[in-house]
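Structure below; questions to follow.
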Amino acid sequence: MRPHGFKLLLALLLSASDLSECLSGHHQRDVSPSPSGASAAAAASPPSVRLSNGTYIGVRNDQYAQDFFLGIPYAQPPVGPLRYAPPQPLDESFDEPRSAADLGSPVSEDCLTINIVRPAGTKPGDNLPVGLWVHGGSYVNGGSLDPRYNLSYIVQQSVRENKPIIAASINYRLSYWGFLFSQELKDGKAGNLGFRDQRLALRWLRDNIAPFGGSPDKVTVWG
């Protein structure tokens, strides 16, 4: 995305107050929250978040003063009997904390995950605005693992403006798995699965963003 796209998003997210000046950046910094880069910057005490189904351990990036929570499932894996079926909400809870430090595989049917990037130290009750990035690719390719889609830049710019935000990105089913058409799928009311994935991701974000320090009432979708 070009920098002016980030400017527009910040204006939308922070519409409650005027921006004093336009953002001055002219290129997007290559700050990919990849497992290798993130682990190198992890602090001794990584950030954690307690959600309704369990606790996730993220990654602290000290260089950019951000917390990453990567690859968190927002739906049941769409495999086996759930292949070519509408996405199903999570139905399990767990006691042992799980890692949220890995973006996951670039190619996998088990792809219904969400990533959260927030300013370091953000806590429940801060009620920061939230931007949800939905990647493009003509519904055939793309994914949140693509370094062009990292969220560090816009979070950093929001902090510089003293108007911090939380940014999220999702994966959803593509191509045959997300947008296959057949009479059977139509009869079963199971078409446009990729769009259904996106809708469930939005519901997950609404129900779970507060523990990250975000506001469920201040969510902007862009892509």
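Each residue, glycine too, has its Cβ placed from N, Cα and C.
Since this is a predicted model, take the numbers as computed values, not measurements.
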Would you mind telling me which of 25-48, 121-144 TrEMBL tags as region 'Disordered'?
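Based on what TrEMBL states, region 'Disordered' spans 25-48.
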Quickly jot the same-chain residues contacting the region 'Disordered' (85-104) by Cβ under 8 Å, restricted to those at least six beyond its ends, or write none.
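For the region 'Disordered' (85-104), the sequence-distant neighbours (Cβ-Cβ under 8 Å, at least 6 residues beyond its ends) are 33-35, 38-39, 42, 46, 48-49, 52-59, 68-76, 78, 111-113, 115, 144-145, 171, 189-190, 193, 196-197, 200, 203-204.
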